[in-house]
Amino acid sequence: MSQEEEETPQTTTSRRTTRLSSSSNPTQNETLKKPITNLPSLTLKNLTFSHNNKPFSYDDLISSLPGRKPQIAEILRLLGPVNSPLSPLFVYGSSSTGKTSTVLQVFKYLNRPFVYSSCRSCYNARQLFDNVLNQIMLHRRSGSNGYSGVKKCEKASDFVNFLKEGLRSVVEGLDGDMVYLVFDSLELVRDWDKSCTILPLLFRLGDVLKVDGVGLVFVSGASIDTYHSDTGFVDPVPVYFPDYMEEDLRQIFMRNQSNLKLRSAFLDVVLKPFCRVTRRLDELSTALSPLYEKYCEPLDDLSVVPNEETKRRLFSCIQPHIAPALNEIFRVKSQQSLEAGGKDDLKRKTSSKKFGTSDSIDDLDFHMSTSAKYLLVSAFLASRNPATLDASFFDSTGGSANQKKKRKSSEKSRDLKEASEQEMFMKGPGTFPLERLLAIFQCITSGLEDSLEEEDGLQGGTGLGGNGGENSLMSDILLQVSSLCSANFITKGGSCPLEGSTRYRSTVSDDLALKVARSLKFPLSKYLYRR
């Protein structure tokens, strides 16, 4: 058996050689063996979208990215006119929120040169360095150069020197115009070897290079607080991408459709229940594509405009498939767990009706002390509200100062308020010092000190008489803050260079904060600036 296996390739090879030698001339064989060298050489135009020769207007930019007009306007404002000095931009948000597409489409609209490198396609620093250098030095891997990179850099210092050399030549070739370095999926660098040195290098790349006409844009799925290290760097300008709203998702799924009426009828019945589970575009696209095929199966003509009877008939075809799709794709609760919890849900609904409360309020699925809940709410307010408005929201007795008579605001003041609200929304949750957190906590719990002290006493605390009780309560609050940081409800960031104190940021979503506030019967909406 082994002898036959050894002889078979030899016989095949000789036959192939005989056929090739008898049926083809030597010049064709040499052509096949030669590497492809007729590819056009790269030029500076390859760093922009101008080589496509397709006009791309502002209306095209807005229509290509539904639901991202505020983020587009913010990025355009930060980039500014041509050759404007640019602080590093940090575009962040959840997965499938259009961060990368928005950044690339903005550069396509502006027609400015940029170098794009995705950390998802690179699994170590050397590949990332090679990718950036090959683009900035207009190098293309091919058979003529052995598919090797333009430079071989083993260390970060080599990368900086080569990058400085390439950037200077590119800027000179562009007559002084700026070139931008875009690093996508930056959160993956944290899993690389020596990430503690690579990340600070990337954030400080502009200061290290010392080359005029270079802009940095970082795209990440995590906030800037997760990148802080002891090496220190100036925080880039954040641009936050929230999850898509249901109407935005509808516009996205309606694009490039031949029969808009049919597609709209399908989205009317499936989009809302799926949006209750997830708003990630990739997950929704994966789930809705097979459902749409099932929806169209009874139709012989896909260009037909469905009437009400047709809509009901098509819905009956996909109705049995909606629940399995939710269970399989998004891993919701099984039917057994739903039936087991049915009695408890019924009791909760009846009790809520007796006391006049809403039955849509869900209880917390984790245990948290009362003081920790108030600290969580205080951190949420400190991150969402400007520090200058604390005095207007809280008075010395812990009540809201909004009860005072307000003067009618002018149109100019309303415009300024809307502009400031939009700016706060684009920046995302803000940071705050520990002193501000404790001040807000003291204001909203000023009438509940006795209950908090009783809770601490039940947990085994010492006596709370006099100053000893205040010190014990304060130490317990500081321990609660530490516990919230450990549980990632609050993130601990870098220290402010002006204040010299550590700053914190709340990572709690609006829904969870509202749920915690409702469990405390705390009127959260009265203290929110944007509500």
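The backbone N, Cα and C atoms fix where each Cβ goes, and this holds for glycine too.
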Query raised in the report: In TrEMBL, which of 333-362, 393-422 is tagged region 'Disordered'?
Result: 393-422
Report summary line: Across the domain 'ORC5 lid' (265-315) the predicted model averages a pLDDT of 89
Query raised in the report: Within the domain 'Orc1-like AAA ATPase' (65-206), how many residues are helix, strand or coil going by DSSP?
Result: 73 helix, 16 strand, 53 coil
Query raised in the report: What are the helix, strand and coil residue counts for the domain 'ORC5 lid' (265-315) according to DSSP?
Result: 35 helix, 0 strand, 16 coil
